[in-house]
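Asker: Right, I'll just put the structure down here and ask away after.
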Amino acid sequence: MEEQACLVRARSDSESSSKLGSFGSLSQSYTMTYNQGKLNVPGPEASGDPGHAGNMASAPQDNADSNESGELLDYNDSSVLEQFHEDALRQAGCGLSQLKVYVAVGLAVAGASLELASIAFVLPSAEIELCILPHEKNWLVLITIMGWSLGGVGWGALAERGGRRRALHSALAVNAVFATIAAFMPTYGTFMMARFCSAIGSGGIISTGFTYAAEVAARGYRTALLATLPASMGAGILLSAGLAQAILPSTGPEALVENKEHFSAWHRYLLLCTLPIIASLISLIWTPESPRYLLDVGREVDAMMVYQSIHSGNQTRICGRKAALSGEADYRLGELSLPGKRRPPALHHVRHSVKMFWQAFFQLFSSTYRNTTLSLGGMLVFAVAIQCYLSLYVPAEVANIDNRQYDTSKKIITNITYDNVNYNETLENANYIDVTFTNCTFRDILMSHVEFVNCTFVGTALANIKTSYTVFRACAFYNSNIIDTDMEPGRELVQCALNGTTVRGMRGVCARHADLRWSQRGRLAERTLAAHAALFAAPLLVPRRLQKPPAPVAICALLILLSPSIYFAQSEMALYIVEAVYGLIIIVIFFGVGVKIVDTYPANLRCTAHGLILSIAYMVGAAVRGMSEYSPPLLSALLCAYFAIMATGIATRLR
């Protein structure tokens with residue numbers, strides 16, 4: 001018995017009378033049959049379109065000009081397509097076909113989170129080699145966020161024109177190429193430029209990949225599958241910490257020694273960080289285009305073949321016969337009614353594409369979607385603002401705690417004379433005041449946070465010395481040698497008298513002090529907690545009621561209740577835990593907004609809406625991040641509470 005799935009372009013007069021002004025009166029009928037689970041497509045003669053046998057959705061030539069009017073798809077018709085799409089996916093089932101898509105998108109999300117998380121591990125080593133000044137260290141994070149902002153809106157808009165899979169593939173390619181280039185850059189300027197271009201690519205991963213993953217899963221299990229994406233984010237952060245622990249030096253002195261290598265560890269670390277992106281690029285080869293996108297641009301035959309491919313891929317062979325993993329073994333599709341006038345294929349005409357590009361943005365703020373766009377955007381903007389604020393506040397506050405502890409442990413040596421003493425171990429955190437060194441030797445050592453004030457050096461040799469925040473102030477050198485060090489008069493040697501003293505073999509270095517007190521231990525703890533927060537957020541996203549009012553209001557209200565903890569967290573681990581809890585709640589909001597976008601907007605606005613909302617959120621987050629470095633705990637708690645109150649108030653407008 002032959003099962004039929006009909007794509008009918010005809011409408012009854014009463015049904016289409018209201019659409020004649022926009023769609024015209026042209027009608028056609030195409031029939032595709034499924035016989036024993038296989039798609040049978042009529043030939044050119046049957047389709048009535050001999051010039052385009054491969055695309056049965058092509059309109060006749062006499063309607064081609066009217067297709068360039070730039071009108072968006074009528075949303076009543078979009079609801080018909082959406083219902084057909086859901087029916088088709090429900091019958092196709094859930095199995096291996098969806099698994100391939102979610103593996104590809106999950107690797108992409110892991111790669112994007114890995115790229116941002118890796119900055120904290122790379123900077124301490126890179127600042128030594130690339131001569132990064134203290135005020136420049138924050139630029140790399142800001143330029144990455146700005147690249148994400150541009151990439152989110154750009155790739156999101158391109159995904160509406162060229163397809164979800166193609167846009168995601170292109171974004172990943174840009175990300176992989178420039179991330180690899182960045183690993184070889186010799187200066188900080190070129191390194192930042194390569195990372196900026198890489199961030200533009202990774203910025204499109206969420207806006208395109210989230211919609212792509214959502215559109216290959218039926219509504220019944222879509223949310224559960226999308227919950228794997230925050231788990232992928234957590235896996236990416238965890239991988240960044242694991243790679244850093246295995247490859248990068250764990251302390252400042254180790255980084256100083258390791259930096260002598262031609263291709264130091266942080267370069268190798270960045271290369272390994274591109275592996276998830278490359279793996280995602282390769283895995284996309286075996287995934288189809290979103291069938292919902294294909295329906296939206298009039299490629300019904302391609303869409304039907306994707307549905308058939310999903311159904312076939314979701315079957316497995318058990319005891320020599322096929323059995324469906326989910327859904328019925330016989331694949332049946334109902335009747336689909338389409339308007340006579342359709343939007344032309346992607347990039348059909350440059351003028352048309354540009355016009356559609358701008359109209360899509362304007363459509364987001366039409367009366368139908370204005371409240372949703374402003375509500376989702378405002379809620380995400382303030383949530384991301386809190387996350388970006390804490391991402392700099394917590395490390396800065398931890399550094400202040402460490403500095404206070406470091407200063408209290410400083411050794412002060414005064415009015416002592418040392419004769420014939422050999423110093424061959426690290427000198428750290430000490431002040432020498434009115435001390436005399438006679439016939440002493442400082443060789444092959446590191447001086448970190450050491451200050452010599454009004455000291456006298458007689459017959460003393462200083463050779464092969466590395467310094468970090470070390471200064472000789474108003475000291476006198478008599479018949480001494482300063483050879484092969486990074487000390488220079490006027491910088492480390494301030495107002496010093498050099499009498500009969502040889503100063504040679506000075507190495508030209510940049511005008512900065514590299515702080516070598518750091519340890520990867522704190523960063524590893526911070527990233528590990530953040531990864532666990534993302535992994536724990538994944539199961540919280542499975543229930544669909546979390547995306548329905550009043551759940552978003554309750555979730556944002558948790559941010560208000562959590563804000564006093566910023567003031568009371570006075571230890572390093574307490575600050576990391578507070579940041580991780582904030583991160584968990586914000587990830588729930590972040591991915592909840594994505595699910596709401598897929599459920600609310602029509603197919604031809606989803607990626608654009610997601611990209612625009614993410615872009616604005618990233619830009620605001622970048623602006624807010626600069627406010628947090630020197631803010632006291634009370635002000636920080638009040639500011640985060642204000643952001644949380646604004647997010648909660650906006651969430652009440654969601655319907």
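Counting starts with 1 at the first residue shown.
In case you wondered, yes, glycine gets a Cβ from its N, Cα and C as well.
Straight from TrEMBL, here's the annotation block:
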- 1-72: region 'Disordered' (REGION)
- 17-29: compositional bias 'Low complexity' (COMPBIAS)
- 58-69: compositional bias 'Polar residues' (COMPBIAS)
- 101-123: transmembrane segment (TRANSMEM)
- 101-655: domain 'Major facilitator superfamily (MFS) profile' (DOMAIN)
- 139-158: transmembrane segment (TRANSMEM)
- 167-186: transmembrane segment (TRANSMEM)
- 225-248: transmembrane segment (TRANSMEM)
- 268-286: transmembrane segment (TRANSMEM)
- 551-569: transmembrane segment (TRANSMEM)
- 575-595: transmembrane segment (TRANSMEM)
- 607-628: transmembrane segment (TRANSMEM)
- 634-654: transmembrane segment (TRANSMEM)
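Explain the structural surroundings of these features, please.
Answerer: Distant neighbours of the transmembrane segment (139-158): 115-116, 119, 123, 167-168, 170-171, 191-192, 195-204, 206-208, 357, 360-361, 388, 391-392, 607-612, 614-616, 618-619, 621-622, 625-626; these residues of the same chain sit at least 6 beyond its ends, with a Cβ under 8 Å from one of its Cβ atoms.
Away from its own ends, the transmembrane segment (225-248) comes close to residues 94, 98, 102, 105-107, 109-114, 117-118, 121-122, 125, 209-210, 213-214, 217, 255, 265-266, 268-269, 272-273, 276, 520, 523-524, 527-528, 530-535, 537-539, 541-542, 587, 590-591, 594-595 of its chain (Cβ-Cβ under 8 Å, at least six residues beyond either end).
Within the chain carrying the transmembrane segment (268-286), a Cβ under 8 angstroms from the stretch's Cβ atoms is held by residues 100, 103-105, 107-108, 110-111, 114-115, 118, 121-122, 165, 168-169, 172-173, 175-176, 179-180, 182-183, 202, 236, 239-240, 243-244, 247-248, all 6 or more beyond its ends.
Non-local neighbours of the transmembrane segment (575-595) in the same chain are 206, 210, 214, 222-223, 226-227, 229-230, 233, 376, 379-380, 383-384, 386-387, 390-391, 394, 397-398, 522, 525-526, 529-530, 532-534, 536-537, 540-541, 546-547, 552, 555-556, 558-559, 562, 565-566, 569, 610, 613, 640, 647; each lies 6+ residues outside the stretch with a CB under 8 Å from one of its CB atoms.
Tertiary neighbourhood of the transmembrane segment (607-628): same-chain residues 138, 141-142, 145-146, 148-150, 152-157, 159-160, 164, 167, 203-204, 206-208, 210-211, 360-361, 364, 369, 373, 376-377, 380-381, 383-385, 387-393, 396, 593-594, 597, 601, 636, 639, selected by CB-CB distance under 8 Å and a gap of 6+ residues from either end.
When Cβ-Cβ distances below 8 Å are used as the criterion, the transmembrane segment (634-654) is approached by residues 371-372, 374-376, 378-379, 382-383, 385-386, 389-390, 393, 549-550, 552-553, 555-557, 559-560, 562-567, 582, 589, 596, 627-628 of the same chain, each at least six residues removed from its ends.
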